[in-house]
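Q: There's a structure below that I have some questions on.
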Amino acid sequence: MTSEVLNQTLQSWSNGTLEYSYEVTSARSSEAAQDSDFTDDTNRFTRPWLTFAATATILIMITGIAGNVLTIVALLKCPRVRNVAAAFIISLCVADCLFCVFVLPFNAIRFIEGTWSFGETLCTLVTFMQYGSVGVSLLCITMITINRYIMIAHYSIYSKVYKTTWIMLMIAVCWLFSYGFQIPTLLGVWGKFGYSHQLGTCSILPDDEGRSSKTAMFIIAFLIPCIIIVICYSRIFWVVHKSEKRMKNHSKSQCSIPNNLRAVDPAAPLSTGSSSSANNNSISYTASSSAVKMATRAAAANTDNRDAKAKRNEWRITKMVLAIFLSFVMCYLPITISKIVDKNVSAPVLHIIGYIMLYLSACINPIIYVIMNKQYRQAYKTVLFCRASRLLGFTHAGSSVGDSPHPQHLVAIQDS
């Protein structure tokens, strides 16, 4: 009897131990499986390249935040560079700042640790911010390009289109469309945000039914804006080319006109007697008429010089926006090509370089402003060195240098 009770007790204790051991093992297996959702890429990227990527990401983040904040302050403080294009550039800088603040720090740590260690929720939110801010950036560049096109090719409707209310509405559309387009993916009804084992990063993944918004997003939020920008710039360069050709022909025709009309003939003899007084009056009237004509010509020349200077500034801004667009495309092409050509990440170095180029787009615009626009350089100096006396006002009433009020025709545009 005693041996039977002892055997039952040992069997019960053994079963309990096995059940407990099974529960612990199952829990640990579940945790390991959950952790493996973010660690399948550790062996794909080598440590030296991860260290390089982390260092580059941190430098880009610091440069991007400093440069974009400086640009925003400069455009707000210096009236000389405060024009319609500046409003869209400020919006572009804000989008780049959000990218640097809410996306790059997490990716830098991802490179340092070799995996994503912030969980599924932050993976979703960071990816949402990344795609949204990128969309805002490209749409703002598109809006600036359209602004340049209307300024140069259709100035008669410029003042009607670019009123304060419409400008604010255009900027709001850029933000609402870019982030609103991500909401179905955020809710998981059209693809989903999550961690990609193959790419080793948080991205857009197919949902449970195999649907993904990546293709539609590429066409609507990237390809179509790029096509619009290319069409606008093709038209801009065509208009400028025709204007320069017309101005050259006009200059040649002016040179062929003989200058045989004179107000006073100094070789003509003066008569005496009663005609002397009349001649004196005639000479006096002729001299005063000549003075009026000279003053009129001087005023016209000054006006033409102002218009030419304003148009040169418009052309500089137009070329600067083109450089911004080209840099944007160059920054996004490497990672796009890598994801298409190397889906299995058999060449991790290409993906690392692609990510760095992608992040570089958030800090390169202020560098372009400094290199290509003298007024922006002066605005940066004003902010950095606190030279309030260098703050310049509007050159025309109700209009800044960036919006010339007298573009009756395009002058031959040459950079000084």
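Glycine is no exception: its Cβ is also placed from the backbone N, Cα and C atoms.
Bear in mind that TrEMBL entries carry predicted annotations, made automatically and left uncurated.
Grabbed the feature section from TrEMBL, which reads as follows:
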{"type": "TRANSMEM", "residues": "49-76", "note": "transmembrane segment"}
{"type": "DOMAIN", "residues": "67-369", "note": "domain 'G-protein coupled receptors family 1 profile'"}
{"type": "TRANSMEM", "residues": "83-108", "note": "transmembrane segment"}
{"type": "TRANSMEM", "residues": "128-146", "note": "transmembrane segment"}
{"type": "TRANSMEM", "residues": "166-190", "note": "transmembrane segment"}
{"type": "TRANSMEM", "residues": "216-238", "note": "transmembrane segment"}
{"type": "TRANSMEM", "residues": "320-337", "note": "transmembrane segment"}
{"type": "TRANSMEM", "residues": "349-371", "note": "transmembrane segment"}
Q: Average the per-residue pLDDT over the domain 'G-protein coupled receptors family 1 profile' (67-369) and send me the rounded value.
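A: Overall, the domain 'G-protein coupled receptors family 1 profile' (67-369) comes to a mean pLDDT of 84.
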Q: Report yes or no: does the transmembrane segment (128-146) come within contact of the transmembrane segment (320-337), defined as 3 or more CB pairs under 8 Å with a sequence separation of 6 or more?
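A: These two stretches do touch.
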Q: So which of 49-76, 83-108, 166-190 has the most C-beta pairs under 8 Å when paired with the transmembrane segment (349-371)?
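A: Highest pair count goes to 49-76.
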Q: So which residues does the transmembrane segment (166-190) touch in its own chain, when a touch means Cβ under 8 Å and the partner is 6 or more beyond its ends?
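A: For the transmembrane segment (166-190), the list is 84, 87-88, 91, 124, 128, 131-136, 139-140, 143, 204, 207, 211-213, 217, 220-221.
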